[in-house]
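Residues or ranges marked as domain 'Phosphoribosyltransferase' in TrEMBL: 16-151. As annotated by TrEMBL, 5-phospho-alpha-D-ribose 1-diphosphate binding site applies to ARG44, GLY45, ARG76, ASP98, ASP99, LEU100, VAL101, ASP102, THR103, GLY104, LYS105, THR106. Positions annotated as GMP binding site by TrEMBL: ARG76, ASP102, THR103, GLY104, LYS105, THR106, TRP144, ILE145. Here TrEMBL flags ASP99 as Mg(2+) binding site. Marked as xanthine binding site by TrEMBL: ASP102, ILE145. Marked as guanine binding site by TrEMBL: ASP102, ILE145.
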Amino acid sequence: MSSHHADTAKNFPVTWEELHRHAKALAWRISDKGPWKGIVAITRGGLVPAAILARELNIRLIDTICISSYDHQNQRTAQNLKAPVAVEGEGEGWLIVDDLVDTGKTAAIVRNMMPKAHFATIYAKPAGRPLVDTFITEVSQDTWIHFPWDLNPIAYMQIRND
Ligand SMILES: O=P(O)(O)OC[C@H]1O[C@H](OP(=O)(O)OP(=O)(O)O)[C@H](O)[C@@H]1O
Ligand SMILES: O=c1[nH]c(=O)c2nc[nH]c2[nH]1
Ligand SMILES: [Mg+2]
């Protein structure tokens, strides 16, 4: 996997520890916006953040929406593989979780299915930011966020040392 892309000039690697800390910060920021009927995690990137939020917010009902729109760093047509099953009433009272919004394309598809849900991500880039209700950290549009689950330890150390 290439760590450099023509459109993404900056690399922003995130460690497991940083991700855990940011996910907890997200939980605290939305803790007074519930109660929540449950979490809808957007796979696969939303799964780890959703697990941490479920622990912090004591939520046990977790559904998924399965969407894929990137091959490595290249965006293509979004494939919608599975809609959430537990959601009714336009998603009111539900918490949607993803790792990040970039162009906002994924978020727009999910918002369309659950317009009344609360949409939370850990990271946001400017183009996707208006589609998110709560996020923790904004990075510039030309930044690529590298998550620990996508990197082997050697590549990870090389990016960290750049
Ligand atoms: O705002 P956008 O431009 O739509 O990009 C953000 C989405 O892209 C990534 O998922 P991806 O499609 O790569 O699938 P994955 O979560 O399985 O890695 C990321 O996890 C978000 O879901
Ligand atoms: O790991 C990732 N980092 C990103 O910055 C990004 N943007 C869309 N999809 C992404 N996946
Ligand atoms: Mg994703």
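Placed from the backbone N, Cα and C atoms, the Cβ positions cover glycine too.
What TrEMBL says about a protein is an automatic prediction, not a curated fact.
Keep in mind the model is a prediction, meaning the values are calculated, not measured.
Location within the structure of each feature annotated in TrEMBL.
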residue: ARG44; record: 5-phospho-alpha-D-ribose 1-diphosphate binding site; Cβ contacts under 8 Å, 6 or more apart: none
residue: ARG76; record: 5-phospho-alpha-D-ribose 1-diphosphate binding site; Cβ contacts under 8 Å, 6 or more apart: SER69, TYR70
residue: ASP99; record: 5-phospho-alpha-D-ribose 1-diphosphate binding site; Cβ contacts under 8 Å, 6 or more apart: GLY45, GLY46, VAL48, PRO49, THR121, ILE122, TYR123, ILE145, PHE147
residue: VAL101; record: 5-phospho-alpha-D-ribose 1-diphosphate binding site; Cβ contacts under 8 Å, 6 or more apart: ALA107, THR121, TYR123, ALA124, LYS125, ALA127, GLY128, ARG129, LEU131, VAL132, PHE135
residue: ASP102; record: GMP binding site; Cβ contacts under 8 Å, 6 or more apart: LYS125, ALA127, GLY128, GLN141
residue: THR103; record: 5-phospho-alpha-D-ribose 1-diphosphate binding site; Cβ contacts under 8 Å, 6 or more apart: GLN75, LYS125, ALA127, GLY128
residue: GLY104; record: GMP binding site; Cβ contacts under 8 Å, 6 or more apart: ALA127, GLY128, ARG129, PRO130, LEU131
residue: LYS105; record: 5-phospho-alpha-D-ribose 1-diphosphate binding site; Cβ contacts under 8 Å, 6 or more apart: SER69, GLN75, ALA78
residue: THR106; record: GMP binding site; Cβ contacts under 8 Å, 6 or more apart: ILE42, ILE67, SER69, ALA78, ASP98
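Averaged across the domain 'Phosphoribosyltransferase' (16-151), pLDDT in this predicted model comes to 94. Counting every protein chain shown, the number of other Cβ atoms lying within 10 Å of the Cβ of ILE145 (GMP binding site) is 20.
The Cβ neighbour count for TRP144 (GMP binding site), using a 10 Å radius over every protein chain in view, is 19. As a summary of secondary structure, the domain 'Phosphoribosyltransferase' (16-151) carries 47 helix, 47 strand, 42 coil according to DSSP.
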